[in-house]
Structure formats: C-alpha cells, structure tokens
Amino acid sequence: MALSSQHGCLSMNPRLLENQCKVDAIMPFGNTHNQLKMNYTAEQEYPDLSKHNNHMAKVLTPEMYANLRDKQTPSGFTLDDVIQTGVDNPGHPFIMTVGCVAGDEETYEVFKDLLDPVIEDRHGGYKPTDKHKTDLNPDNLQGGDDLDPNYVLSSRVRTGRSIRGFCLPPHCSRGERRGIEGLSVEALGALDGDLKGKYYALKDMTEEEQQQLIDDHFLFDKPVSPLLLASGMARDWPDARGIWHNDNKTFLVWVNEEDHLRVISMQKGGNMKEVFNRFCTGLTKIEELFKEKGHEFMWNEHLGYVLTCPSNLGTGLRGGVHVKLPNVSKHEKFGEILKRLRLQKRGTGGVDTAAVGGVFDISNADRLGFSEVELVQMVVDGVKLLVDMEKCLEAGQSIDDLMPEQK
Amino acid sequence: MASMFTRVLSGRNTAVIMAGLGAGTLVSSYIMTQESGVTAGEKIKLYPPSADYPDLRKHNNCMASALTPAIYGQLRDKLTPNNWSLDQCIQTGVDNPGHPFIKTVGMVAGDEESYEVFAEIFNPVIKDRHNGYDPTTMKHPTDLDSSKITSGMFDENYVLSSRVRTGRSIRGLSLPPACTRAERREVERVTVQALSGLKDDLAGKYYSLTEMTEQEQQQLIDDHFLFDKPVSPLLTCAGMARDWPDARGIWHNNEKTFLIWINEEDHTRVISMEKGGNMKRVFERFCRGLKEVERLIQERGWEFMWNEHLGYILTCPSNLGTGLRAGVHVRLPLLSKDSRFNKILDNLRLQKRGTGGVDTAAVGDTFDISNLDRLGKSEVELVQCVVDGVNYLIDCEKKLEKGQDITIPSPVAQFRK
C-alpha cells in the first residue's frame, strides 16, 4: 500500500517531496492533487461507478483510468477534473448524461482515449477520424420563411462559442473569466444596425433592468443543476457573468454561463430563415470583431466548435420552434416520426420540462457531423411536415402517406 | 512576437506595462503565437493577483473582512506541500457572500499545512471568529480528564438529553475539501480498523453509506444517526461532497451512546450522548472513547492533527481548538420568555438553537443550549461552563416558577490568563 504507516505525515517526508514532480503554479480549480495521487495506485483512486449510468461511466475502465491519470493539459486540467461531475452525478436510469467536461481546448486532445468513445457514443457513431463541416452561409438554407404562424409560435437558434487561449468555465480563474467578459463586451459593443445592443453585467444590473430581463425571458440564473455545479462552472458567481442583447430583442448573448458565450437568435412566428440569417450574420460579425483584436474561436476540423460539454461539440447548434401539435403528438407514431426526422421534443420550459397545452419545443437532435445549414434545414423541413400532418389529422385524414424516411 | 513578449515580461518596466495595458491586450499578442496551450505557470504570470482578486463588496464573512488585496497578492501563488492553494481555501467564501446577520467563516483548510502556509489570512479569521484568540502568541489547552467535572448531573425534570461532540483529523491525509478518493478511503480504513478494537460498552459496528441495507438505513434514520449528502452551499462549494457517498459511513456502539461520522465535513466527528441529564457520564464516555481511538490508531503509526497553538486541526477554522460542542435539550418555558434570557446566555457564554440543530427554531419551550466557544479553553473548561451555565438556567426557571426574581450573572472570563 502506498502510504506507509511508519511516517504519519506524508507531506513532511523529504524523500517523498523530491519524488513529487514540482508544480510551480496551479489554476484555482483542478490539478489539486495529481502528484499526490501518484503515491496511491490507480486501483486505490479509481472511482466507484457501479451505480452509474452516464457516458463517462460506460467508457472509463480501470485500465483507461490508470493510463490517463498522470496526464494533464498545459493549464493543469486532469482526468479527475474531467470526470468529477460524472462521478458526483450517477445519472438517471433512463436519461444518459455525458458525465464529463473539458477545462480547456487541449482536454479533448490529452484525454482523447476517454473523450473519443464518449463522443462516438453521444453523437451517433462519430469516429475519431471523421471531419465536421461548418456552414454558416444562410443563403444555403432553402425555404424556412413560410412556416405557418398559426401553428409555429416562435423560432429560435442557439449555439456556443469559446475563445481560444482561455480556460473553459470549469477551470478558468477569475482573471481569465473577467478577460473573457471584457473581450466579449468590447466585441459586442461594436455591433451596429439591427444588431446594436447593450450589455448587462449580472452583478451591476439595477432592479428595473433585472425585472425587464426576467419579463423578456432573457435572464439566466446561477446554475442549480448538480450536473453543472459539480464541474465547477458556477464558481465566483456572479463575477464576470452577464447578458447582452440587441435593442430589437432578437439577438442575445450569454457571457460566462455554461460556456464562454452562448449566442441566441429568436423571434415570434415561423420565419426561421430570418432567424437563421440573423444568427449567421451576427456570429460571423462577432467572429470578425474578435479576430481584429487578435482572438479566435476554438475550432478544429474534427470537432468543429469546441465547447465545455462534449454534447455541444460540432455546431453546438440547437435550432427549434414552439409549435402547436395537439393531434400529431397524440399519434402513436409521433416518437417514430421525430426519430426519422432527426428531431427531438421538449416542453416549452426547455430541457426536462413537459409540454403544456399541446405546444412543443421541436428541435434538431444532432450537433456534430452535420453542418449548421443541414441541421436547420432538417428543422425547417421536419416542422413543415409536422404542421402538414397536424392539419391532416385536424381534417380527420390519415397521415400514413406522409410518413417520412429515416434521414 | 513571442520573443518580444518575453522581453517585455522580463524587463524592469514589466509592472508598469502590465498595469497600464488591460490583461486582454497582453493575452492577445501572446495567444496568437502559441501553438499549444498556455501553461498554468504562464497564466499565473499573465494575470497578476489584482486580476484574480475576488469581488467581495457584497460579502459579509470572516474571510471577506480579512482578505485585503495585499494579503491576496502575497498568498495567491503559494502552495501547501500537497499543492493546495489559497483560492481553493477561500472558494466557499467567495461563492457564499453570507447573510447580513449571520457571519459565516468563509474559508476552509485543505490540509494541516494550510493553517501555516496561509497563516496571514487564517490568523485574522481565527481572531475574528474566536474572540480575539491570537495563534501567534497564545497556546490552546487540551484537557480530556472528565473526572474534573463537578455537578455534572442535571435535574431531569428539565434536561431531556445531553450530548458532546467534536471532530478529529488523521495527520498525513488531506482534509475533506482536498482529499483524493484514495485518501478518503484511507481515512475510512484507518478509522474503522481502530473502532473495531473498541470493547465493552464501546463495542459497536460500522455502516458504510455505499453498502448499508434498506433496513439498516431506516434504523439509522429512526435513531437520528444518519447523515445525508450536504446540501448547504457553504459545504458543497468547498468541495467536501465530491465522490459522495464513496468512503462515507457511520459507526456506533451497540448501546447507541457513542457515534462516529466518517468523512462528512471532517475526517471524523465523534459524538457521545444519552437521554437524561447525566452530562458527567456523557463526557466521561466521550473522553474515554476518544483516548481509546487515539491509542488504537497510534498502535498503527497514525496520529491526530494537533498543535499547541490551534489545538485539534479541523476543516473549518470555527472548529479549531477543542472542536467541542457540549449541549443539552432543556425545557425552559418561563425563562425563555423572559426578556433577560439572551443576555443571561451571552454572559454564560452559551448559545441557543432549536432542537433540530443549527439554524432551526425552538419547538415549544425546549432549547438546545451549548457552549459558544471552541478555542482558547480546554474541553474540561468548556463542559464545566455548560454544566454551570445550564444549572444556572434551571435555577432561574425554578425561581420564576416560584414567582421569585432572577439575576443576570456576571460575564464568564474569555481565555485563560
């Protein structure tokens, strides 16, 4: 056993201090005891995952743990940092959570032995050698401007972006987080035209501003989900967190919540084309503004845009609508239809809520392996079909002829 | 570009340049030339302590009162031998601004050495929390000789139960905010092994949180012994709930009067209790049990964290010294309604809580009354203080019953002179 009973105080033993690799600096969260852990065997440190059901727990064998545990990214993020949220949150028997996060861009490289199979499992068989297409040209989207507003109540597209060179929310220091906020506010401040807007720092906003943001459904709160808290991304709340939105309230950016930036384009009604147009224009402009200042977004041709949670890699894009489908949703084949269309349903309160009054949040199920245009196209085509089906069922007609093929 | 930046960093005017330019600008020219990630060491240099200093303007805890930018600047880049940092000590206090009326501590230790390496912040916090106790000049007395207690049997018409608790940490293993899974399992192994050596009225059994059966769990709940995963953000933000419920458990003797919690907020929490008013016997068992456990771990080459300035070392600075809370559940229907009740408690150095524990309200007329102090007085002194104080309170209650008047006692002395 690693700890001899002869000397009570391990850290005071000069022999052991020599053997510990000297660490001259650490980030505030992470790498706390990576050298100390090496005094124990991998078996002694391996987490108890016997009651766990998440992607990490499925993949992380004792052998893999042993191989990866002495590694760290240049900024000091370790395997245990990656998996802490998955160890602390065994998951749900029916819902498969991811169970790991990245602390910086290099996490996905240094811990690829763990993250590649997790990514493959989560993203429909995406291989380590696959390449991801990025397409933010809104002209490539066909149609999408004529979803029936009698059924489609609102349209929305969101994604995330990370600023290269900075640690991600689970790992960043306060100084870095403030740096991210500063750069973002500067870039967003240069937007003009219909994208011109204003930043509201969480810690500085007035009561009136706060109420307005709540009424607009823009305000985000300190995370309460243990999935997020256990990863360390809520540290120092609300320091350097804030919300930016344009004057028209159709383009919204969250700063330093679960990712460096979350970018949202939305409006009432069914004109997804306009929403996607603004989304692409806004994102492209923001990226240019960052580049002017010598920064870029984390991106590579294998993983696309790099974000904190492996589930958001690739496009990080969720494009969706709030749509009335009281009849279709009761059809026995509803689930099958959505599956074939590569769509997913949620309640209108967002993830993990139930639908109210037959109104559903319908969005793309995929994130990685398809481009932005392809995903939004799937939403546009799929929702169009669902609305047609709804009209059929309203008229008492069968929808058997309308059943789609698997996309 | 990288070489120009390196020259800038090593130049005499570095401090001026760093102060003049925003951190973002420096980062930008540096990042563009990096092919692989920026190391932690480089990041520390890119961001001076002033960039990382927490925003404590809305905070009201001991750490926030004491942590000046100067102290932060001196300590930010220091590490304990186990690589535990200042930011990790203070994270809970940054994340939990506190309450306008209750002053929380706002920081924790990750290991025994934290109190030494970060003494510049721990010492003022300790002083603030423990009535001016100065670890640099004062010594803390340890006294577990229960035979010294006098009048330790309360009138059971008033006192319903008596209890003494403390904590102990195993030297050489990191504390709950910082420990690795293997260390935590080692704490469990060492402690359970020692406890299995207890005999006679102290003989008992261990229930690991990961392995207990449904029946065992229900029994422990019925006995009010079971502890749950912490939900208080004060604790979770400090990192002590990681890997729950791995290596956590409860041990108690067959008579259910001696109970140990393993790997909750501290390595061990030790509790002696029984129904009724025999505080002397509760404390006698407490001391005997503690000494026996200490002897058993020493047989195997382990010892408790202790030093002559801070006494027993625990995770939270509020529990240094004795870590001892001795208390009773006592009925005081008349006294509790008297306007002088709080002043009497203050002067007796006692604290009232509801019978649900800290932060609960009293139900009916029954209060949890215990010692306020932890550090600077010995275990015997604190228990005697509770004994004398509770006897005084009962005496007041009896006087009020008879329609006689009561007096506020003079204040009890703070530290041993």
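Each Cβ is built from the backbone N, Cα and C atoms, and glycine gets one as well.
Annotated ATP binding site per TrEMBL: A:154-158, A:His217, A:Arg262, A:318-322, A:346-351, in sequence order. What TrEMBL records for A:122-136 is compositional bias 'Basic and acidic residues'. Look at TrEMBL and you will find A:37-124 tagged as domain 'Phosphagen kinase N-terminal'. Annotated domain 'Phosphagen kinase C-terminal' per TrEMBL: A:151-393, in sequence order. TrEMBL lists A:122-148 with the feature region 'Disordered'.
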Which ones in the same chain are close to A:Val157 (ATP binding site), with CB under 8 Å and 6+ residues apart in sequence?
A:Ile264, A:Ser265, A:Met266, A:Met272, A:Val275, A:Phe276, A:Phe279, A:Leu317, A:Arg318, A:Gly319, A:Gly320, A:Val376
Using a 10 Å radius around each Cβ and counting other Cβ atoms from all shown chains, which of the binding-site residues A:Ser154, A:Arg262, A:Gly320, A:Arg346 yields the largest count?
A:Gly320
Please report the three-state DSSP label of A:Val157 (ATP binding site).
strand
In the predicted model, what is the mean pLDDT computed over the domain 'Phosphagen kinase C-terminal' (A:151-393)?
94
